[in-house]
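Visitor: Questions regarding the structure given below will be posed in turn.
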Amino acid sequence: MYFFTPPQKRTLKPVVDRVLQQQQQQQQQQQQQSLPKFQPFEVETYSLEDEKYLYNISYFSKEEIKLLYDLFHRINLDLDGFTENIIYQTLSFLVHIPSGIEELSSLFYNEDVIYRKEINSSHRSNQSFNHSNSTTPLNTTNNNIKKPTTTTTTNSNNINNNGNVNGNNTTNLDDILNNHNDNYSSDNSYLHNIYDDIYEDEDDEDDEDDDDDEDEDDEGKEFEQDDEDESTISSMSLKNSQAKRLSKKMNSIDLNVDEISSTHNQNHQNHQNHQNHHHHTTTHMIEKKITTTINKIKQKISNESSGLLCEVVGAGGAGTEGASSSTTTTTTLSNDLQTNESIKFVEDEKQQLKQQLRKQLLKDGNHNSLNNILYDYKHPNDINTPIEELTAAATTTTTTTSTTTTTNDHQNLEKTIISNKTIKKLEGVETIKDTVELEKQQQKQQQTSNVTTAKVKDTILSSSPKTTTTATTNNNNNNNNNNNNNNNNNNNNNSYKYNSYLESSNISNISNASYTDKPMDDEYYYGEYDDEDDSKPPSQEKIESINLYRSQFSIIRDCNLWGGKTLKEDEFDYIDSSSEILKYRMIIKYMVENLFSYIRKRYNLEANKNPSIIHLIEIISIMTRGTLKEKSELVFKLVRKKSEGVVYKTELLEMIQGIDALTVLNVFGLGSIGTPDEVVNNIYREGLSTVNSIQRTPSFPRSDSFYQKSMSSEQPFFKDTSLEMKEFIKRSVSNSDIPRCFGFFDLIYLCYIKPIEDYLKSSIKYKQASGYLYYEKYLGIIKAYSLRWFEVRSGFLIGYKRLFSKPSKVICLFKTNVKIIPKEHPKHHMKLKSLFKGSLSKQIDGNKEATDFVLRRFDDTEQTFISLSSHRASNFVNAIRENSKGSYRYHSFASPQEDINVVPYINGSTYFKGVYKALKHATSEIYIAGWWISPNVSLNRTATSKTPDKYRLDSVLMKKASEGVKIYILIWDETMIAMDLGSRGVKSFFEKMHRRNIKVIRHPHMLPLYWSHHQKVVVVDQRIAFIGGLDLCFGRYDNEYYFVKDNLEINFPGADYINSCIAKPVNNLKDCLVDRNTQPRMPWHDVSISLDGKAARDVTYNFIQRWNHAKDSNRDYKSYPYLITSLETPLNIPHPQPPTQFLHPNTNINNNNNNANNNTNNINNNNNNNNINNLNSSTNTTNNTNNTTTTTNNNNLNTSTNMLPINNNNNNLNTSTNILPNNNNNNNNNNNNNNNNNNNNNNNNNNINNNNTTSTTTTTTTNNNLNSSSNNLNFNISGEIHNNSLPHQLNNQQQQQHHHHHHHHYQPPLPPQQRGTCKVQIVRSVCGWSAGQVLENSIYKAYLNLINLSQHFIYIQNQFFISSVGFTQPNNQIAFAIYKRIEKAVLLNQVFRVILLLPVHCEGDIYDVDTQLIIKYTEKSITGIKTELLKKFPEMDIDQYLSINSLRNWDANGDIIFTEQIYVHSKVLIVDDKIAIIGSANINDRSLNGSRDSEICAIIEDRDLVDSRVNGLPYKAAKFAHNLRCNLWEYHLGLISNPDPLLSDRIKDLVIDSTYHDIWRNMAQRNSAIYKEIFGTTIPENCTKTSQYNRGSIKLTSEALETLCGINGFLIEYNTSMLSELETPTSIYSDIITSMKLFL
């Protein structure tokens, strides 16, 4: 039952510890620098019983339980306290992200601007929108007559209509107080009402008392209403929390007054200094009055005197029912000014101004124009107020303010009226049909604004003498008021902050011209703000606002995370008053309330009782570490439901809309990417979706979707279906957003668990663990225990049956779950009675410290382990948890990695050569994964050699296998239903070449029938990785000339001459399937990249995970080895160097062989021989081989630890392990043949040893007397698992150090390896069948996120474009995201471009049904974007925003002329020349869904910025993305073969008309016209139905040749009318095959 030979002298644990010690120290130093300040107080605040209970029931360790207890004892665990703590903890995490403070500051500023704009635009376009079941002021018809009010409330009324920061739109004190009730409705309508309440108070609570608003109906009852309202207020019960909220509300009023007085007008900039003086004077006066009010209210609360409250209201000026101007000035003017003469003067001025405004309004004939000018941010119900009342209110505002300010305050009043300029609405607003109408309306509003301003200015100037007297008297009275002098200093310290906040956040500060010409800031995902996007630098207000955000975010970063702070504290007042925090508070409070309700039900608590700490810790453990089933069940319980047993679509949509509105989650890639309706439809749909993307996306702005009532239930074809909990949990397997609660559980993890994990990692070896464990297994029905050595490393749990042997078990830990099994649990080993108890069972049962823990995988399979030491069990549990994380940006398995060198390869010629160079210098292992692999494909066709066969893939792999390199190939096992790619023959061919060192796995064995492995991966030594769209197969090789003929078989020999539009390649035939003389080949355009560093390790992890899963899924591969990752290289430090002072560049270590001309080296691999170089030699090292002979046929036996070529002209061996500088003079032989390619990128990539490659050269010696340095250990231990060299290498390292001290010659120190400048994140599409894990569709989420965040342009090259916009199939919404982004650009009048480069049509015969269907659906995806835009903007020119193009080439072949499309197979997304996505994923459901084809891509952001231009303005572009796009355009425009420096410089600016129209579109149109004229219906894009298509070539004539010579480059237009008259074919064949290609 159990056989095990214990080790005699050494174990693996000290080996691993010694190897990783330096690396762990470096990692700990980096972590401590980037972690939030976490200093637990370590106070015993819990009982041992609580600890024991939580340790047994939760997923936390004892240390984590203690720290969580420590936190929760410092916060209030009520609804408000827990909500505030979540918000603070979230911000604390985000500010510690690199550039987090900058990104958050820009995000908060931009959201303030955008949010107010969207809200008010939506109000204006939905004036009649009311919720029937809402209890907010939106639902009550407001027929109130606006009356003149006090100075403070009049200003605040205007403020709330303008700023909408903290205050609601009502102005009387009783409404403000009534808005602060703590009763949360559990009704489902609550979320629909939140939209209405968002700006009514900070805590966003329902307004239950609207009676006071109705008291304002009659203007003739002003004085009576004043007394009545004061008596109503005095009868209210005030709480301390309400007073605090009121204080905040009053502060926001103060802020909004500052905002109005600080709004700039371009016509009066020469008075700016004078304005600032009076701005601060006015602010100081208002602060005094509001401070007095707040202090007196607090005094009222303490004294509980109703009479005092009335006095407060009267003194504070909060009552809004004062009718005449005498009551307006009661709190600020002395009794001497409250005379009849003063009242008469004010009334006369008011009537005069009102008449002037009315005349101007009637003259213009545009009532809405005046509304927009005076009350741009008016509440919807207030907008319905008659014009006369609005005019009266405006008149009251100006008149009242004029009597309380100095002589020059007319400038501030002027700005008050014109500050609310109409700004063009954002996406989703449908009132403006086209941009022409929008411009006309804007011009008319500007004219009205100017006239109104002039009238107001004249009126104020005429009354300025009296105003001066009034202000002077007011100041004297304030100085004589002792109460105000004692209480007016509370808010003065923050006056500057408040002023700059509202000056910058007010949307009116941005003029129409500057705002519409430039997009929103791209800081929050690009980093630095691009000032060049505007014609002038950012305003002072914006700079001050962002700086204030930065300062307070810096305070959060420096504070102790466990200090119990919240944003309610004064030091965070600026952040707390932002619109984003108000929105977060409301949403999180809603979720926390749902959570508390669930806890009360689960633990049978009283209705109003708050959960205990134990309850919260237990639930948080499920949220963050629970199983898939547990998390999904918790999500089901958190939804507010009508029935406990089922959840309806509208109920789930309600919660998702709220979480989706957490902008910070989406910006940082943590949220649920995609519209809420799309997510819900994916969960509830039966088969294909019945709701198209237009229907399931509301017309209102997306960021407001949470606050609006869901429109889905009112849409046609909507069916409010339901799911039971069992079915809901079942569907969570195929929807990764459900177990995450659509991002909310990620938020909880970031707030509470990640800080603890980081804190513990800084003091505990958390990432690795090793030791002996017993694991349970069953032999039939008999349970047995097996003792194995296990180690946790790089995301895998590895078990060894014997030490120093190959692993017997490898478990991928990605998104697994581990938990300690308490002794009381029925599955604990003490509770299980075994029929047969052997010695091992007795040994386990007899140990009191024996601890059980269970590991659960994504499919709920479990594996139980038993450790005889509780400490060791805890280490394993912690290490497993650390290695099982997967919720990184875009929900990817990999986190973004810094300092990566990325090399792009355009077309197959450069890519194949780069792969050949890397394979040639492989030293330990090679991983290859592909959709199709051809063993005979040639990798280097430009080199001159007498034996060109040595460049074939099979020859290269055969050579490396004979040298001892392990080669693992993972290939798609295609089904005959789909196609025949000859994978069976490939497997047989490769394994016959070298059975020991080449292993090939075909996957999947049987099911699924339709899905494929579409990843294209090459990994060499786990150090350099190649990914992209190119397979190592026939038909992929091409260069910058895109030849359509090759009669002499120079570039495309044999079967490599392919045209898959005529005949698809079958198997791996060596014969050509098309006639070279009469049929053209189809050129192939593709893009791939190479990566190094930790990004290459992430690609390695992906391959190893897939390999091990494929091995386990088929018993035929039981004997194949498991793969594991190599020990991680500390890439953050320079490569180690031997003592350089003893070495000379031209001196060899081996004195006996200076020329190293030995042709044969016999290398003994016996474990007892200490003179063997096992680390760097190219020997065949296997588990059962003792003597290996390697023959070298040339003089340079150099091997590179970085897979790079070395000096081929040097006969002497370079034996130093130093990093050698790259010598370009030695690369002449490798760069002789480049086909006169003038492209810098191509020249740089033909040889991987150039300066742009991933690393510099290192060389070592393969000699039987030469030994390696111990410093090379970390860089040479491979991941091969049946090589026993790991302990042997480590055992020999100390004995071999002295070999590097020969030849005492001085050598100056050499520079370390150069780091890259790119940040790279690997994203992919995998699921259970393809990788043995939960569904991951991070590629799709990244595409959507980057399209939504684009600012200037989107450039896409892809093989397919099958997406959803306006129809039900397919399900992905890439096209819809593009449509929404163009719609936003139209509404903002932005210059924005979207360019799609697609093939003319997909591979396959044009007469085939599936090819016709793909053409149809591609055209539907494109025309869907255009159709929906034209519906909304009938007069828009879509060509200004969208360009669809293809590539085509021609050539003369004898007496005929060939032409064929250049097949665009690349999968590239470039956004704003800042960020790029490159990989294997097409734009269709197969690639993006995650549950279908397996895909892999890389998101690349380069921190190295270069000077560029956008729309003619200076711009900083990322070097990688910018150079890649420019190189691609040079290829497409023919600038490679015909260089034009001027044209190459112009294409740097894609956005400007002179490039987009005059170069790109003009060249495409001209080339398309020539092709149409010459070739006619012989090319498919000129045919509207298949009967018109006449495949073939044309005869060569001088006229045709002369016309074709007018074609420049290869660019043509994509014709959406191709086969437009052909009906959509339907057949059984199309239903099966085509659905596989399109949707499945």
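Note: Cβ is positioned from N, Cα and C throughout, glycine not excepted.
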Visitor: Which range, 17-37, 395-415, 521-541, does Swiss-Prot list as region 'Disordered'?
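Guide: Matching range for region 'Disordered': 521-541.
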Visitor: Under 8 Å Cβ-Cβ from His1465 (active site), six or more apart in the same chain: what's there?
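Guide: When sequence neighbours closer than 6 are ignored, His1465 (active site) has Gly1029, Leu1030, Arg1036, Trp1084, His1085, Asp1086, Gln1359, Pro1399 within Cβ distance under 8 Å.
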Visitor: Roughly how many angstrom lie between the C-alpha atoms of Asp1021 (active site) and Lys1467 (active site)?
Guide: 26
Visitor: Calculate the distance in Å between the alpha carbons (Cα) of Lys1467 (active site) and His1014 (active site), and round it to a whole number.
Guide: 12
Visitor: Counting only other Cβ atoms and using a 10 Å cut-off, which of the active-site residues His1014, Lys1016, Lys1467 scores lowest?
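Guide: Ranked by other Cβ atoms within 10 Å, the active-site residues His1014, Lys1016, Lys1467 bottom out at His1014.
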Visitor: Just how many other Cβ atoms lie inside 10 Å of the Cβ on Asp1472 (active site)?
Guide: 26
Visitor: Taking only the Cα atoms, work out how far Lys1016 (active site) lies from Asp1472 (active site), in Å, as a whole number.
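Guide: Cα to Cα, Lys1016 (active site) and Asp1472 (active site) are separated by 27 Å.
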Visitor: Could you measure between His1014 (active site) and Asp1472 (active site) for me? Cα positions, answer in whole angstrom.
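Guide: It is 28 Å, counting Cα to Cα.
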Visitor: What number of additional C-beta atoms lies within 10 angstroms of the C-beta atom of Asp1021 (active site)?
Guide: 25
Visitor: Which of the three DSSP-derived classes (helix, strand, coil) applies to Asp1021 (active site)?
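Guide: Assignment for Asp1021 (active site) reads coil.
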